[in-house]
Amino acid sequence: ALGAEGAPRSGGGAAGWGLRSGAGAAPENEYDLLVIGGGSGGLACAKEAAQFGRKVAVMDYVEPSPQGTSWGLGGTCVNVGCIPKKLMHQAALLGSALKDAQHYGWNISQPVHHTWSVMAQGVQNYVKSLNWGHRVQLQEKKVKYFNIKGSFSDPHTVCGLTKAGKETVVTADNIVIATGGRPKYPMDVAGALEYGITSDDLFWLKESPGKTLVVGASYVSLECAGFLTGIGLDTTVMMRSVPLRGFDQQMASLVTEHMESYGTKFLKRCFPTKVEKLKSNRLQVTWKNADLDTEETDSFDTVMWAVGRAPDTKTLNLETVGVKTNSETGKIIVDASEATSVPHIYAVGDITEGRPELTPTAIAAGKLLAQRLFGQSSELMDYDNVPTTVFAPLEYGCVGLSEEAAVQRYGSDNIEVYHAFYKPLEFTVAERDATQCYMKMVCLREREQRILGLHFIGPNAGEVIQGFALGIKCGATYPQMMKTVGIHPTCAEEVTKLHITKRSGLDATVTGC
Amino acid sequence: VTAYMSKNSSYDASIVVATPSSKIEAAKYEKKVMVLDFVTPTPQGSSWGLGGTCVNVGCIPKKLMHQAALLGQALQDSRKFGWQFTEEVKHNWMTMTESVQNYIGSLNWGYRVALRDNKVTYENAYGEFVGPHTIKATNKKGIEKLYTAERFIIATGERPRYLGIPGDKEYCLSSDDLFSLPYCPGKTLVVGASYVALECAGFLAGLGLDVTVMVRSILLRGFDQDMANRIGEYMKEHGVNFIREFVPIKVEQVEEGTPGILKVTAKSTAGDQMIEGEYNTVLLAIGRDPCTRKIGLDKVGVNINEKTGKIPVNDEEQTNVSYIYAVGDILQDKLELTPVAIQAGRLLVRRLYAGATTKCDYVNVPTTVFTPLEYGACGYSEETAVEKFGEENIEVYHSHFWPLEWTVPSRDNNKCYAKIICNIQDNERVIGFHVLGPNAGEVTQGFAAAIKCGLTKEQLDNTVGIHPVCAEVCIQSHLKAHGILG
């Protein structure tokens, strides 16, 4: 009962899609599912729904950044998040590997230097291949792709303009909003918008950002500042208060401590007041130092804002259809089944209130949603014990509760924290400093000693934590960890050997063998 | 071998150990402990300090040299990530080996200090039983002492096997010699298909040497054979030569030197064909034999397997002689791994002296083969799962993956691979985990812990991945069942 795509509905001509009241028998919609937003959550949902033989459409549109940067299908993760971030992080790690290699007998002529454009091109080409890959996948699964910026005209209708200005209307039985977020700009800093860039721009720069100031204490800030330092750039991080708010603070401190010894400069307890452009084209930044109560200034080639991300819901027209959002964050309020306040309208991913802003959770939630809508499943997404990793120069992986959250929930008398400072074997010959290589396991103190949280700083932290996250999903206890034999020699084996408690006050430094 | 003290005092426990954990454990319970450790030099004259195989001629130097090889690859990758330096990069064997040996020296020293701090008496002497509760310790100078102890723990480990052909002991090296070799081995023939053979061949090739592996029959006997073959394929594609179904029958010296030139004659296992080849170094890695034949076990009546030399023990590591125990590589039907030995040793001592009852859990022990493409595994291989549970009762989920770090440098996109084997009849319990890819050990460890907790496929599916890392592919629901061995 569906007309050809783009053709006016039967019985309506141009007015057919115009006015439709919310209640009453729904007229036949063109699609079973329309997904607004072609990122991690949206694409996963759309592809899964298509597996059930449903008629699915995806709308994706990238509003260019203030600096004019734009990108293809795939969302934040693919274009301006996880993927380019990890690749540039890898470039930085390889810089360290070059230094290590000399200790291991490799003769490399000095000087060694890094060329941004070679790296950027390699990364950008790979991202473009992913954009292409997603287009092909949608085609193969017969999902219709619209490169338009959609907005609601009623609960089953979304319309928008293509880049060429053509008006397009799409109707669907079910709509999933997965438009994600975009970096915030500080509103109270003169020159922030004109002269600063964000992560949206960083990964697409054709030329090196040069001497860079990264403002913010988020993982975005630390990860970017980290790899910029690693490729040899003069990099400073400006933080207003604590690093990695929401993460375990002891671990967050170790991350920033390592970055300092790595060469990243930190301006702590400082916040910018204005950014001006100099005749030399450099940027002059003025800031307040809250501790010293002074005003300071310095010049940089690039100023990057990493002060948080916000959902882009203004142009969606959510008020028109009554989708409720959180007044403070602007995020869409959903229940455990990802349903919004409007029937048949759902939301997944970074745009949803109270959810982790992570690709794997968006993907999983999107898939499960499609399974519930079209596959007779009733399984809800489990947001508990989601593991994550901060890809700072010394990586930090974690799953479960931070120590502070565990103390708050259970009381310090009821938890036991096992910890260890260790040295990766590969650091020995390389003469690398392992001061911040550390791990801790937060357990309930009572008989079973269930594991509440696991935190690991060191190389390949993501690889280490993933399997343990599985264990925690299975209700792993401390004795079960101790029964697991280690793989030798690895860093991960130290998790199975944790035995010194914080409570004991003993020195937690362990030796490998 | 165990040792006991002369004259007045008697030891509670006397241990001859390569890895120090159990001795320190015993000392914690204020028992009088002695350790006898002695390294008989190799035919080439190599020897080493306290710490055993793992520290001196196993895990530690192996992983460090593997790391050196990986760094060689990293150098190549780094160019694609924007790093610039001269085209020609060469490796210096001596720089690497000296660094590795220095680190090992620090570990030997660390053990001496740890023993002293825990008041364990250490003697660098060769121990052998001479009668009930009595051991003779002979040091380098030939001086003999007698000791008695209430209990003994034998942990003498193993040494590499020789082929028993002309020229093997005179001219060939083993892993006992390789890690302290004072000159670059050059063009090398590795004989064997053990993980020792493949790991050594792998890093030697990674350092730029011309390497050939001579294999009698299959690779990595006892490991999942599909995974073993993938490892071999990868090595072949990355410059390691393989000669399959041949065994050396003699080794002759063509030229002396460091290294010299050796001529190897080999015979086909499938016919009469003979081949010859010249190499700078021949490295034998055809297996290891327990050091149990010359320690006087017959004097105290400890049974050993006559064929293999291994010592059978009960599930409390006790031999047939009630006051004599054994741990580590010399045990029959147990895994030859450092962490297993450490675990077994520690738990044994806690049972003996601290009233504990926990026995060593030898089930689902994870391991990793540090070949150029690393292989981590825990639980059943596909073949043994089929054998034990029946083809129709297991489900195998698998996937190739392309590590993100390999994309920009255009490295292989279809070589890394993960496989999970589930027991359908037991709630799709995960009974086997196999991963081939970078950092396989780091990936596998956590999965082993989860398997210990009874991981099922459903729990796997419900766990969110960390993105972007290799490990997440192991839980991604796009792993498809492929039926069995299909």
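The backbone N, Cα and C atoms fix where each Cβ goes, and this holds for glycine too.
These numbers come from a predicted model, not from an experiment.
Partner cysteine of A:Cys77, as given in TrEMBL, is A:Cys82 (from among A:Cys45, A:Cys82, disulfide bond). Binding site for NAD(+) per TrEMBL: A:Gly216, A:Ala217, A:Ser218, A:Tyr219, A:Val220, A:Ser221, A:Leu222, A:Glu223, plus A:Gly308 from the candidate set A:Gly122, A:Gly133, A:Gly308, A:Gly322. Proximity to chain B, taken as a Cβ less than 8 Å from one of its Cβ atoms, holds for none of the binding-site residues A:Gly150, A:Gly216, A:Ser218, A:Leu222, A:Gly308. Distance from the CA of A:Val220 (NAD(+) binding site) to the CA of A:Cys82 (disulfide bond) is 10 Å. A:His488 (active site, proton acceptor) falls outside any helix or strand according to DSSP and counts as coil. For A:Gly308 (NAD(+) binding site), the Cβ neighbour count at a 10 Å cut-off comes to 17, with all displayed protein chains included. A sphere of 10 angstroms centred on the C-beta of A:Leu222 (NAD(+) binding site) encloses 27 other C-beta atoms. Put simply, the two farthest-apart Cα atoms among A:Lys86, A:Gly150, A:Asp350, the recorded binders of FAD, are 31 Å from each other. Of all Cβ atoms in the protein chains displayed, 26 besides its own lie within 10 Å of the Cβ of A:Cys77 (disulfide bond). Note: the Cα of A:Val220 (NAD(+) binding site) and the Cα of A:His488 (active site, proton acceptor) are spaced 33 Å from each other. Nearest to A:Cys77 (disulfide bond) in space, judged by Cα atoms and limited to the recorded positions A:Gly150, A:Gly216, A:Ser218, A:Asp350, A:His488, is A:Asp350. Within the domain 'Pyridine nucleotide-disulphide oxidoreductase dimerisation' (A:386-497), the DSSP-based counts of helix, strand and coil residues read 42 helix, 31 strand, 39 coil.
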